[in-house]
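Have a look at the structure below before the remarks.
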Amino acid sequence: KSFMENFKSDHLEMHSQDIARLATITDAQHITENELAQMYKTNKYHLRMAPVSFELLIAFLEDNKFIVLLRIVNQHLNIQVGPANANEDEVIGIAGHGTLQLSTFNQQSVTLGQMAPDPAFRDQVEQTLKEEEAQAAGDMTMNGDTPTSLLEEFKKVKTEAGVDSPSRDDIPLPPYKGSDIQSEIEALRDSRKRVALGPSSLPSICAYTFHNARENINCVAMSEDATLMAAGFSDSYVKLWSLNGEKLRGFRSNFNPAHINDSNDLSRVRETSGTDSRKLIGHAGPVFGASFSPDNKYLITCSEDKTARLWSTNTLTNLVCYKGHNYPVWDVDFGPLGFYFATASHDRTARLWSCDHIYPLRIFAGHLSDVDAVKFHPNSKYVVTGSSDKTARLWDIQRGTCVRVFTGHTGAVQAVAVSPDGRMMASAGEDRTIQLWDLGSGKRMKKMTGHQGVIYSLDFSQDGSILVSGSADCTVRAWDVKKEITPGQGSHRILQDGRDVSGVNGVSGSTILAGSPTTALSQSQSSPALDRVSKKMAAAMPLESEDHLAAFPTKRTPIYRVQFTKRNLCLAVGAFSGN
């Protein structure tokens, strides 16, 4: 028991379940009865170590005459000496157990393709486009202008169901409405005006800054068309802002709903004068998450009071209160098709809801700690979660089961994002790194470093080529998703402050700061004291990986939210920090 208490904390991160089972051993007889103990005794544990680390370990054990430890290393460890590679997880642990078990788990089949549109809906959109083009044909010929037909673009964009596209029966949806057709046409117009982004053409960023709210603001959400912004506050209210100049007008409190027959009746009972912002009051605790529906008609929020609430952006009132979680709810996300939304909670579960039911449809249980972030897959068949247990998971909403586990972070995962094509996922959080994952194989594609603070938010551009991140280090950073980092070569470069980090294995032996009095010193003149100082400074600042394209600094504003519009304009939101 004493041995277990002293050393179990070293292994809880990767082997918490094993530790729990081994903790039941209190007698020599138990070892023969415990399957896990027998497996560890009869199998070698696989490790990969760098050559220098291996030599230091053996020298340390031999110099100190740690004979028992040397025997354990020889009998129970299989150490592969060599540089780490992208598949390092495959050679760690005992065969058939631990991480190898995880790679087998991640081979479950998934359907990551886009869902095919409803044939009736597609026909209706095509018919509407034909009518609009016929109406506008006369004007076009008069101007001598013949732009590309929207109908032709629609036929190119909306492909048929692929081999790995989910069935429409997997995700039951209510019948489409006339407004859905208009939304589809507007999205088509936006895609026509979309800016092409890449390493040579970085995104334009529009940053919104909150003042006098740093201690009070917990979350921010933006509508897809950038006309509305919502923020959740510690004072238990949600505040809604209009960003396009239109006033927010609710309804007068003394009208009779029975007298409302059409839109004219509705407009008559609206408030005569509107405001630029409106408080939405209903929660009984701090508001931690908010998300707009794809059509911007609804806002969902979640709170410490264990509930989620649905608000109408039209009437500016609370419509439904959803109860089901047992503890505070940290995050919420509306599905890309509307109707469904997901929540993440301190009770270590994420839950799936539909707007027309006040109870959850699915409970996703499996994380070992708080679920801090939740995000829908673009085809609506999956949900991605990030947790304080340092993992991210992919869940099938039809079966309610976990189909992928992503391990590799060294801190809580507080932000997740899925690429628009549904093939990649990015995760980030307390360890200040961004990890890019292939959802199909469940394997990590690469690790991106450069942030100097906790990462709060991630988002992919509409074509999936650029990833942007917002952090507590008061910067928005852009990353090249497509760039491949070659293992074994220098994967870091000289930073903006002059630190040369492009030496062997990506790190140089010494560092000299540009602009400092030491810059003029030759290598032979540098002193050991200077080397020590420069190494300390290099260790304190994370290295920027090669796929880091640019950093956009604010003065003193941590970035809470980053989001791309349909036209590839990047929106960033933060709260000004005085110190």
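Glycine is no exception: its Cβ is also placed from the backbone N, Cα and C atoms.
According to TrEMBL, the features are:
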- 1-77: domain 'TFIID subunit TAF5 NTD2' (DOMAIN)
- 159-178: region 'Disordered' (REGION)
- 159-171: compositional bias 'Basic and acidic residues' (COMPBIAS)
- 210-244: repeat 'WD' (REPEAT)
- 280-315: repeat 'WD' (REPEAT)
- 322-354: repeat 'WD' (REPEAT)
- 364-405: repeat 'WD' (REPEAT)
- 406-447: repeat 'WD' (REPEAT)
- 448-482: repeat 'WD' (REPEAT)
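Listed by sequence, the residues of this chain that lie at least six past the ends of the repeat 'WD' (322-354) yet keep a Cβ under 8 A from its Cβ atoms are 115, 171, 173-174, 219, 285, 288-295, 298, 300-310, 360-365, 367-376, 378-380, 383, 385, 387, 395, 397, 400.
Confidence annotation: the domain 'TFIID subunit TAF5 NTD2' (1-77) carries a mean pLDDT of 84 in the model. Taking H, G and I as helix, E and B as strand and the rest as coil, DSSP gives the repeat 'WD' (280-315) the counts 0 helix, 20 strand, 16 coil.
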